[in-house]
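Everything on this sheet refers to the single structure shown next.
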Amino acid sequence: MEGVLYKWTNYLSGWQPRWFLLCGGILSYYDSPEDAWKGCKGSIQMAVCEIQVHSVDNTRMDLIIPGEQYFYLKARSVAERQRWLVALGSAKACLTDSRTQKEKEFAENTENLKTKMSELRLYCDLLVQQVDKTKEVTTTGVSNSEEGIDVGTLLKSTCNTFLKTLEECMQIANAAFTSELLYRTPPGSPQLAMLKSSKMKHPIIPIHNSLERQMELSTCENGSLNMEINGEEEILMKNKNSLYLKSAEIDCSISSEENTDDNITVQGEIRKEDGMENLKNHDNNLTQSGSDSSCSPECLWEEGKEVIPTFFSTMNTSFSDIELLEDSGIPTEAFLASCYAVVPVLDKLGPTVFAPVKMDLVGNIKKVNQKYITNKEEFTTLQKIVLHEVEADVAQVRNSATEALLWLKRGLKFLKGFLTEVKNGEKDIQTALNNAYGKTLRQHHGWVVRGVFALALRAAPSYEDFVAALTVKEGDHQKEAFSIGMQRDLSLYLPAMEKQLAILDTLYEVHGLESDEVV
């Protein structure tokens, strides 16, 4: 639904007419329909807001997220307000109904998992006691052999029960936290949902060229937002893809700074006024890099040599694409999209055994995104979100965006450490994972979580299987050009990721937000 409503702005301007659009469970507003291509001035998520009808004014309605966001609106007539109330209520009900069943199942399985982990702690205490008892019997000699046999039998039984309970924990995790549930993007982030769906296609569908991938992405976006690509935008995408292919052949140091995400607004609308200027800047970068290259010899591509795409080069949004804002500000939307893009690496390591790690990573991304969508105009950078919660004295409250970002950066450090091990030539995936875990997450985990991770390590794939999973086209991993391409892509990806994590580390250290809590 769309139309004009009056929105309360401030005491100076009072009620001002704005053009509102209800689409995909999100109510957004603009100055006018003609200015919609510039992007919305604000939006509110219907699934999490309250709809209140004014007790006196029969043309007024209020949309409220308590403590976060307030929309005071007036319709031009009672009948028009009624139409909006029906549309807003229906959007809220549909979103709630579709999520209720899955959320209920998710909550039940989470509680079951917590219960099993409590049992694990109990069995651990019993094991410690029984080991001490066994030591006592051993030191007293063999005079009471019958008691020694009983203690040994009891210890063996407890060990078996402990392992069985641990196995049940993994079964619950496998049954509860499937890929579909983990990838479920919170309503209100259409761009992230679009990016997520295209990432899932890459390991399965061979993509012959970059243009074909972009058209597939556009189709996905249009399916959810009811848009059409016009001729000008199609030409723009073709030109940009030809530039990308040319840049890969000339110089590996060129990153795709002119990512198509820069031309997509929060509501999925394409910004047109900067398109040709971006192409000119990109072309200038290509000309300059052709004469001033600083790549290593093995990274350079001779003209005509095969360029094989990898998982990292086909990402729609990558950490290497992110341009920092003023004062090293990390753009929130681009960062979260890049986090979603790297999550499939855990699937390639084992979608079942790494489900708890993946669940934690995606859950933290969603928590930060939920904070972001409450006020996209204000929370343009991660720093602004953290500082807002610091000033409100809620930064260290459980489930806050600041806490979620803390665990998110820890999880990203683990992935970065693992990929660094692989890039440096480690051929044993178990060793690479263990080294990365020991340097990053291990210090923050208790013995139960460490045990689960140790169990997951045993199911890690071989180096050949993991590398094969990073290909876009089946069989590419057997080519020498693919190994060179992996080195090239990781040499761009990992330093950019490290730089942004270092900025977040500094932010948390300055404000004393790091935590020694063990989970």
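Just so it is clear, glycine is given a Cβ too, placed from its N, Cα and C backbone atoms.
Residues annotated as domain 'PH' in Swiss-Prot, with sequence analysis given as evidence: 1-93.
The phosphothreonine annotation in Swiss-Prot covers Thr139 (among others), and the record cites similarity to another entry as its basis. Just so you know, the Cβ of Thr139 (phosphothreonine) picks up 7 other Cβ atoms within 10 Å once every protein chain is counted.
Marked as phosphoserine by Swiss-Prot on the basis of similarity to another entry: Ser145.
Per Swiss-Prot, the feature phosphothreonine maps to Thr153 (among others); the stated evidence is similarity to another entry. Counting every protein chain shown, the number of other Cβ atoms lying within 10 Å of the Cβ of Thr153 (phosphothreonine) is 10.
Residues annotated as region 'Glycolipid transfer protein homology domain' in Swiss-Prot: 310-519.
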Residue counts (helix, strand, coil, in that order) that DSSP gives for the domain 'PH' (1-93): 25 helix, 44 strand, 24 coil
Overall pLDDT of the region 'Glycolipid transfer protein homology domain' (310-519), taken as the mean: 86
Length of the line joining the Cα atoms of Thr153 (phosphothreonine) and Thr139 (phosphothreonine), in Å: 18
